[in-house]
Amino acid sequence: MGISVHGSKKREVDAQKHLKRLHKIVPWIENPLQGASKEHLVFSQRHEANTLELFFDLFFVANLATFTAYHSITDSDTLYAYIGFFAILWCSWFQITLHDVRFARDSIFERTCKTVQFIAFIGLSLVGSKFQPNEKKSDGEDPTKINNSNFRILCYVLVLSRALLTLQYIVVLISTIVSKYKKLYIPLIMNILIYLAATIVFVGMTPAFKENSIGHRRIYVVWYIVMFLESFGSIAISCCWTMLSFKKTHLVERMGLLTLIVIGEGAIGVTKTISKMMGKYGLDPSGSFLVICIILVLVFVWMLYFDNSPHGHYGTIRQQIWSVLHFPLHLAIVGLVEGSQQVALARYVSLQMLKVDKAFWTYCVKEHLDGMDLANALAKKIQYYQFEKKAEAAYLMPALNDRLTLIANSTGICSAANTTSFQQTYTSWSIEYPDDLVTLLIDTTSALYETLGVKIPDTAGMKDLTATQIMFHAWRVIYVYYWSSLTLLIACSLVFMILIRKNKSDIFDWFSILIRALMLGVSACLVAVVSNEDALYNFISSPAVLPTCLVIIFLILIFDRVSAVFANWRLKKSGAPYAIDDEEHGHHEEHDNHGEISHHGSMDKGAAVAIAETSPLTASTAYERPQSIGGMTHMPPALYSPPVEHAPPMFNSNGYAPVQNHG
């Protein structure tokens, strides 16, 4: 005889042990109108992402991680290629998400569509590995001819993606025709025409990338024009026809999850960075400090976004703008987290170059080593980095050995007489050695740079430069996009704070906007440092870049917290009624006191109200037997209650009507 925490009351599962269970059968195809609210005129399939949507997001981050691994940003062309591919990837994800949050219901058809989308994203990863539209080859050959095959594949992938979206919207249109939702015919037809037109344009672009076609760079712009127009068109339609808006959907959660994934891609980069910096030689104080700074950047960016994520509905059009602005936000986050890693590597390379530089100065200017002794000392210092074991730098070993052999066979190059003109007290970056040592130092630095996995581009502008020269040029590009990314991130955060506000403004709102505007100006001023080369290279090779970024974001976070605490204290002291914002808002039925108004922390009967968002989502269809299109009806559960005619809707503590979920 067992003891039950509920006394003599049997568990519900025990009461049904003698019954056979009715198995869930995934229907072939489901009617998306099952998730529509006739009362509020919106589509709302579910209030949180399902596993299939999360599975799809993994293909996004896999593409992003692969593209980042294959593309080192060393000049403006590689930077523009990175932004261009990210735009294609993000817009494809966004168009699919706009459909899924409103119309997608679990069915064999939907799972098949998702599988096709997975294939399309795998095709994007193939394209991304060689995506370089503006590359200028060193042999003078037109790069468009070399990239033709890759870009044809991209066109095929985009055709597949948009054709599938066209089919999915046709299915939704058929459902509305069957149900006689005449008001939705026009907007759905417009959506179909948008994606059909995009499909036709991408098909029409394919012949431009024939095997031997050359000189068609401007056609790349068509990709971005089409994706801008289809995004603008879909958002505009959802604004004009409110039943196709995202008011009751889980779009906020989908955007939040993708933001988390984009930040998480930075965590992947941190593991690679620490292995490059300390994987071979063990822990290093400077390297450890830089890695901790990168981790804090990730944490602070997460706090900056999720501490101020919207709760509940805050305006249909504002929500559309908020969702679209996630493109520059995600681009800024990617630039910031990737830039943080590149800044850390720049500092690491700078320190290693200083060590080599000081060793060369010591052997030559201070100790006056000569001939074989000098060559052996230099070789021992170079061997520490084990370039011969690293594929990226192994090709430079013959040149390094030739330089060492030349130095070993020379005499008197570092004698006291020959070094009197060099500085006798070491300062960083003196580079005052005999020519043979200067050349060896540059080759050693080039090898060190390439061991970090930075690809030296085979382009016309880079052909005659050493890796060291390319490195300094890349630092300039890294610096610009790093601080530009932070500036864009703060700008997006500022606009978000304005868009998501739905209550009367207080001191928190004013201070949060003010501190973001100030930090926006500071980060923009830091971008301007690029105009002074000496200041630029001194700053980026110092340990101050990452801490400066941290201080800027930290100031925003601390002012947000202090102003929020003060605003709350002031409001409670005033005795006025106030709105309680939800914590971890997720639209679940378990949430109580949803969006209520409080007076001194307790409920005021006269003031307590439920906001509009808590009205029943499917009041008119809560008890309807779910219908399925495509010849298959979803079977009801074992205990099915028939509808009570003309019964008033019943609400739980959240204000939601109880809804049978059969999908």
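Backbone N, Cα and C define each Cβ position, glycine as well.
All annotation found in TrEMBL is predicted automatically rather than curated by experts.
As stated in TrEMBL, the feature transmembrane segment covers range 256-275 out of the listed 256-275, 436-455, 596-615. Panel annotation: around the transmembrane segment (507-530), residues 308, 476, 479-480, 483-484, 486-487, 490-491, 493-494, 497-498, 501, 536, 539, 548, 552-553, 555-556, 559-560, 562-564, 566-567, 570 of the same chain, lying at least six beyond its termini, place a Cβ under 8 Å from a Cβ of the stretch. Within its own chain, the transmembrane segment (287-305) has Cβ neighbours under 8 Å at 256, 259-260, 263, 266-267, 270, 273-274, 277-278, 329, 333, 336-337, 340-341, 344, 347-348, 489, 493, 543, 546-547, 549-550, 553-554, 556-557, counting only residues six or more beyond its boundaries. When each of 54-73, 79-98, 221-244, 256-275 is checked for Cβ pairs under 8 Å to the transmembrane segment (184-209), 221-244 comes out on top. Counting Cβ pairs closer than 8 Å and at least 6 residues apart in sequence, the transmembrane segment (79-98) and the transmembrane segment (221-244) reach three or more and so form a contact.
Within the chain, the transmembrane segment (256-275) has long-range Cβ neighbours (under 8 A, six or more residues past its boundaries) at 49, 54, 57, 60-61, 64-65, 68-69, 93, 287, 291, 294-295, 297-298, 301-302, 305-306, 309, 326, 329-330, 333-334, 337-338, 340-341, 344-345.
Tertiary neighbourhood of the transmembrane segment (536-559): same-chain residues 286, 289-290, 293-294, 296-297, 300-301, 303-304, 307, 336, 340, 343-344, 346-347, 350, 472, 475-476, 478-479, 482, 486, 490, 493, 511-512, 515-516, 519, 522-523, 526, 529-530, selected by CB-CB distance under 8 Å and a gap of 6+ residues from either end. Sequence-distant neighbours of the transmembrane segment (54-73) (same chain, 6+ residues past either end, Cβ-Cβ under 8 Å): 79, 81-82, 85-86, 89, 93, 96, 114, 117-118, 121-122, 124-125, 128-132, 257-258, 261-262, 264-265, 268-269, 272, 334, 338, 342, 453-455, 474, 477-478, 481.
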